[in-house]
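Q: Questions regarding the structure given below will be posed in turn.
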Amino acid sequence: MSIDKREDDGPIIDKKDFAEDSTTTDLEGVLASVTEGGTLTQRELWGWWIWGWGVNGFGGSAQGVFIPVILSSLAVAASFRSDDPSQPCAGAENCIVRFGTMNVSPASFSLFNQGLAIAFQVVTFIQLGAIGDHGNYRKHLLFGCSLISQICCLLFIAVDSTGYQLAGIINIIANVFWGASWVFATSYLPLFAMLSPQVKRARQEGVPLHELVRVEQEVMSHISGRLILIAYTGGTVCFLIAAGAVLALRQTTYSLQVATAIGGGWWVTFGAVSWFLLTSRPSPPLPAGENYLTYPWKRLYRSLKTGHRLPDMTTILIANFFFSDARHTTISLAVLFAQFELKASNAILIVAAIVVNAVGALTIPCWRLLQRQLKLHSKTIIMTVVITYTILPAYILLGFIPGSPIGLKSTTEFIIIASYLGFVNGAQDYIMRSVFAETVPRGHESEMFGLFALTGQSGSWMGPLIVGKCFGDFRCIRDDTFHLARVIF
């Protein structure tokens with residue numbers, strides 16, 4: 001594939017590689033469609049950021065802490081003895097529950113449920129990703145997917161003590177459409193960069209290509225970093241409110257269901273505000289003769305076939321797969337480790353989640369300042385985060401040493417590790433999306449961010465399934481740290 005560098009338009013992708021007709025191959029046509037509404041406004045930016053403030057009512061609290069504990073607790077309550085399925089488990093060894101046609105341990109149920117949710121995400125992201133690049137659907141799909149996930153959060157409050165299977169189904173739907181909403185939200189990032197006054201001014205002045213790229217990178221880093229900072233902060237505030245409800249209701253499983261519903265209500269409230277502020281930017285129409293059912297799969301095939309000709313984007317996608325798998329496995333493993341190995345109370349889990357969000361929000365400006373002051377390339381930040389992440393599984397493995405007082409042996413260490421995760425996760429969230437946005441071909445934002453989500457959140461299926469299987473077979477979560485270390489390294 002040839003990539004012709006223009007000083008006024010940026011990278012242009014050969015038509016036979018990434019498009020099917022002149023509508024999507026004509027970059028000027030794409031830019032005309034995108035910029036129909038003029039220059040990016042602060043009102044529109046704040047609409048995007050306010051959506052981020054609300055979305056972590058689910059992603060930062062419900063999904064990370066409340067729902068895994070809800071699923072595990074409901075599964076434990078419904079479990080039965082493996083040697084006599086007619087008898088409830090009642091705290092005995094070798095407890096099992098049904099997961100589809102399989103028998104799994106109650107502690108593994110949430111991990112298998114997460115793996116199944118990711119399988120559905122793969123199909124959903126592919127089907128919806130390319131559609132967002134055509135017509136006037138990006139905004140509608142963003143808020144439509146958000147609404148489905150929000151309703152699922154609210155439905156958790158209606159699940160009774162025997163409804164662990166129903167809770168699992170609701171969680172799958174909520175996860176799928178939460179992830180899909182992020183696809184459409186992040187696809188705005190390169191569009192906002194093109195519409196920003198700084199980039200438009202640079203184009204009008206005819207600055208050299210390398211200078212134009214630098215300006216676009218700065219703009220994307222700024223607005224992406226602000227989004228993640230606001231999302232972390234909003235998630236922390238929502239979590240504090242939800243945690244108050246949990247403590248007021250005496251830390252029961254039902255109190256966690258109420259907290260999850262609070263997260264959904266938080267997202268609904270600020271999502272409604274965002275709807276009125278965010279502008280609907282039209283994109284080129286669907287190519288003649290195509291339909292919305294088969295067109296996304298054809299584009300996926302062409303993108304994969306020509307992906308090797310975009311080496312930077314392909315490298316980021318591969319790295320994102322393994323890094324995200326390690327990250328999401330760490331989060332799932334940490335919650336189960338604290339619950340079953342350290343016997344941590346719900347209050348400890350709540351404190352840990354607050355620490356993760358608060359430290360993430362506080363460290364994002366630090367990473368931005370560090371990058372700007374030291375003039376660090378985004379790649380350097382990513383490698384620093386990866387190297388920093390490898391310390392965690394190595395530290396936990398110290399717990400295998402006989403008599404070792406460290407290696408995640410206490411809830412105090414668990415809180416310290418939570419702050420450590422907030423430190424590195426904030427940097428990853430801040431930098432990865434803006435780096436990937438630099439490689440996305442014009443007019444293919446939703447499709448390519450669908451692939452990004454596919455290798456990120458939806459690519460995180462491997463770790464949870466392996467961890468769930470290992471814990472079900474060996475009943476030792478610490479052993480699963482070996483898998484986590486292998487994925488990171």
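Backbone N, Cα and C atoms are what each Cβ position is placed from, and that goes for glycine too.
So TrEMBL lists the following for this protein:
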| type | residues | note |
| --- | --- | --- |
| TRANSMEM | 111-129 | transmembrane segment |
| TRANSMEM | 141-159 | transmembrane segment |
| TRANSMEM | 165-193 | transmembrane segment |
| TRANSMEM | 227-248 | transmembrane segment |
| TRANSMEM | 254-278 | transmembrane segment |
| TRANSMEM | 346-370 | transmembrane segment |
| TRANSMEM | 382-402 | transmembrane segment |
Q: Counting Cβ pairs under 8 Å to the transmembrane segment (165-193), which of 141-159, 227-248, 254-278, 382-402 comes out on top?
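A: The stretch with the most contacts is 141-159.
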Q: Is the transmembrane segment (227-248) packed against any residues at least 6 beyond its ends, judged by a Cβ distance under 8 Å, and which are they?
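A: Beyond its ends, the transmembrane segment (227-248) has Cβ neighbours at 48-50, 52-57, 59-62, 66, 255-256, 258-260, 262-263, 266, 270, 346-347, 350, 353-354, 357-358, 360-361, 364-365, 426, 429-430, 433.
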Q: Would you mind listing the long-range same-chain contacts of the transmembrane segment (254-278), meaning Cβ under 8 Å and 6+ residues beyond its ends?
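A: Result: 43-44, 46-48, 50-51, 53-55, 57-58, 61-62, 66-67, 69-70, 73, 139, 142-143, 146-147, 149-154, 156-157, 159, 234, 238, 241-243, 245-248, 346.
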Q: What residues elsewhere in the chain lie close to the transmembrane segment (346-370), defined as a C-beta under 8 angstroms and at least 6 residues from its ends?
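A: Those are 56, 60-61, 64-65, 69, 221-222, 225, 228-229, 232-233, 235-236, 239-240, 243, 246-247, 251, 255-256, 334-335, 338-339, 376, 381, 411, 414-415, 418-419, 421-423, 425-427, 429-431, in sequence order.
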